[in-house]
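> Below are the features I grabbed from TrEMBL:
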- 13-50: domain 'Phosphoribosylformylglycinamidine synthase linker' (DOMAIN)
- His46: active site (ACT_SITE)
- Tyr49, Lys88, Asp492, Gly529: ATP binding site (BINDING)
- 71-186: domain 'PurM-like N-terminal' (DOMAIN)
- Glu90, Asn530: Mg(2+) 1 binding site (BINDING)
- Ser91, His92, Asn93, His94, Arg113, Gln237, Glu309, Ser310, Gln311, Ser532: substrate binding site (BINDING)
- His92: active site, proton acceptor (ACT_SITE)
- Asp114, Asp265: Mg(2+) 2 binding site (BINDING)
- 198-353: domain 'PurM-like C-terminal' (DOMAIN)
- 452-553: domain 'PurM-like N-terminal' (DOMAIN)
Amino acid sequence: MGKGDAMMAKNLYGLKEGEYLKIKEALGREPNETELLLFSVMWSEHCSYKSSRKLLSLFPTTGKYVYRGPGENAGIVDIGSGLGIAFKIESHNHPSAVEPVQGAATGVGGIIRDILAVGARPIASMDCLFFGPPEERRARFLREGVIRGVGSYGNAVGVPTVGGMTYYDPAYSGNPLVNVMCAGLIELDKVVSATAAKPGNILVLVGSKTGRDGIAGAAFASAELDESVKESKPQVQMGDPFAEKLLIECCLEILDKGLIVSMQDMGAAGITSSSVELAAKAKAGAEIYLDNVPLREEDMKPFEIALSESQERMLLAIDETNFGEVRAIADKWGLECAIIGKIIDEDRYVLTHKGEIVADLSASFLASSQEADWPVHKPDELGVSYPKVEGAALDRSDPSKVVDFLVSLPQFEDKSWIYEQYDHMVQTRTTLGPGNPVAILYIKEADKLIALAAASDPWRCAADPFAGGVETVAMAIRKLAVAGAYPLGMTDCLNFPSPEVPENFWIISEVVKGMALACKKLNCPIVSGNVSLYNESHEGAILPTPVVCAVGTFDGMHFLKSKGPELSDRLFLVGKEASLQASAYRRYVEGKISGPADPVNFDDERAFIERAIKTAALKLATCGRCVSLGGLALAAIKMASGSRFGLEIKSGDVRFLFGEGGPRALYSVPEAKTSEFLKVWDGFPVKEIGKAREDKTVRFA
């Protein structure tokens, strides 16, 4: 490498030296600073998925109900009556670690615009949050800020937050996770494709003005957090939910009039990413006129305009003859509307500013980073490299003391103080909201119910990555099934530390393989998703944390609630004996994460799903819920929570009470329906374990 190259390599803006050399070779010259910055963002992990593309190809992406799979802004499943549900999950982890309120708020705004970009009206969101122990001051600060950000943005924009999860572990102290899923309703004959733009279309920016917030945010999200985290605040975007609400209505009106050819959210990498993606997917190029971009700050440099991640902006590809009508609609909603470029019939991506070409690149090359090929090595021992939790000093032979200890932990506390900050009834579709294993929405346009279920099992993924991947997918589907819904599709968010560490990449690979197999065996394709890597700080790496959200629907209008037993009910546990491996008992009582999970049996999973759906459809139980985190003991406590009656359960050993994993559920069954219930579950392990009791407590006799 020559002296000039060596000097250039000192500031590659996050690019690897090999990537820089490949760029130089392809261009036949040195890239200028603006071009180098474009590559650094477009080839970042956040935008390119260069470390995970091969693994993502393992997921099944087609199925009976899949209308649109991965590759677009959101996946879409067909719910009948000419309607579909568009949905996707995204992460906003690094920004939330730096500025929790705005980081979380703009995470909500960004995923809403992804749903809007396919032409759907956003109708619901779910938030999946992971923090350090709340007794830590910074963890409390992050938690309070994130929850405020999610609530303030979602409430103001008019999209209900209908469910989710909150998870605590020391592994998230330095790097919290904020994953947000959004679902939207769409008429299938009005779906917008990101591949539909064609040469001659003009590119129109609609929405807010562009500032300096969030510049290079995509590259920031592709790096580890270090102790200079406070210096990264300029890389966190600032959100305006009221502008987003106007943007939603504006874009849907333009779409309803048939004026949109293609559409992209301006999220990561702003104008650059949205325009490059439109051009590359159309197998064309683009010219971008940076002088035409409405700015809210003076003297912005070309790269700042191109890479700004200012929020509440959409890029539309339209026929030039329709611009007047589009601008009139934008004016009506009080939004900026400007022609900032056009699609061209050659493989070039050209930025102009003040009469000069400031970047001239191949659009397809800019959009296609080389895949990373990281070394893989199985850790010598699994589950031991994470922050230690001190085991509980209590009499483990006394189930009531163990239960009292577990329910005192933040992990199992009443989460209503969180979701009561969220408006879950706006739009009046929410039939079953937060505080339940599933959220259920009424789609009045199709006279149909849909269900949303989120799941994650970081401890199991740490102790047995393949089994953890399987369990994550299976748990979301089980939740749907117990409520009475069958799955239509799933979206995933893969949160992991640096893939450059061989042991980490082995874990990532095994988790994804487990998830992919479960999706195939349980007929639940992945239709969209997100990958978030480099989730680590000076305090250490996060647990391997895949999060999934499944969407399902019902054959009728009945669903099974998860709590509220009646006094005459008998309690039944369905499923085989569970394991303590990677359980809450093992983590909190014994203070460790270790041990392989029990072998996966997909025949058992399918048998459980079929019987659970039938149980709900035939109205054979008063209530039911999956046995998951905390085992049977915690499932019973949640079932009785807020109910008129309590439960009395025949006690057993710690494995019986606190074991986790596999297809298991607790049902509260009316005396008169016991015989029919047992007939449905014939051939599957089922055991009567107790009854409802008159007082509101749960007793382990």
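Cβ atoms are placed via backbone N, Cα and C, with glycine included.
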> So of Glu90, Asp265, Asp492, which of the binding-site residues has the fewest other Cβ atoms within 10 Å around its own Cβ?
Glu90
> Please report the Cα separation of Asp492 (ATP binding site) and Asn530 (Mg(2+) 1 binding site) in Å, rounded to an integer.
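A Cα-Cα distance of 6 Å.
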> What is the three-state DSSP composition of the domain 'PurM-like N-terminal' (71-186), stated as helix, strand and coil residue counts?
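Per DSSP, the residues of the domain 'PurM-like N-terminal' (71-186) fall into 48 helix, 45 strand, 23 coil.
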> Can you tell me the CA-to-CA distance separating Tyr49 (ATP binding site) and Glu90 (Mg(2+) 1 binding site), as a whole number of Å?
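Checking the Cα atoms of Tyr49 (ATP binding site) and Glu90 (Mg(2+) 1 binding site) gives a distance of 13 Å.
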> In the domain 'PurM-like N-terminal' (452-553), how many residues does DSSP put in helix, strand and coil?
45 helix, 34 strand, 23 coil
> Taking the Cα atoms as reference points, how far is Asp114 (Mg(2+) 2 binding site) from Lys88 (ATP binding site) in Å?
8
> Which residues, same chain and not among Tyr49, Lys88, Asp492, Gly529, have a CB within 8 angstroms of the centroid of the CB atoms at the recorded ATP site?
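Here the non-site neighbours turn out to be Leu56, Pro70, Ile89, Glu90, Thr491, Cys493, Leu494, Ile526, Ser528, Asn530, Val531.
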> Within 10 Å of Asp265 (Mg(2+) 2 binding site), Cα to Cα, which of the binding-site residues Lys88, Arg113, Gly529 are there?
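Candidates kept after distance check: Arg113.
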> Counting Cβ atoms within 10 Å across all protein chains shown, which of the binding-site residues Asp114, Glu309 comes out on top?
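That would be Glu309, with the most Cβ atoms nearby.
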> Can you grab the distance from Arg113 (substrate binding site) over to Glu90 (Mg(2+) 1 binding site)? Cα atoms, rounded to a whole Å.
11
> Measure from the Cα of Glu90 (Mg(2+) 1 binding site) to the Cα of every one of the binding-site residues Glu309, Gln311, Gly529, then give the nearest.
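The smallest Cα gap between Glu90 (Mg(2+) 1 binding site) and any of the binding-site residues is with Gly529.
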> On the Cα atoms of Ser91, His92, Asn93, His94, Arg113, Gln237, Glu309, Ser310, Gln311, Ser532, which are listed as binding substrate, what is the maximum pairwise distance in Å?
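The two farthest binding residues have Cα atoms 21 Å apart.
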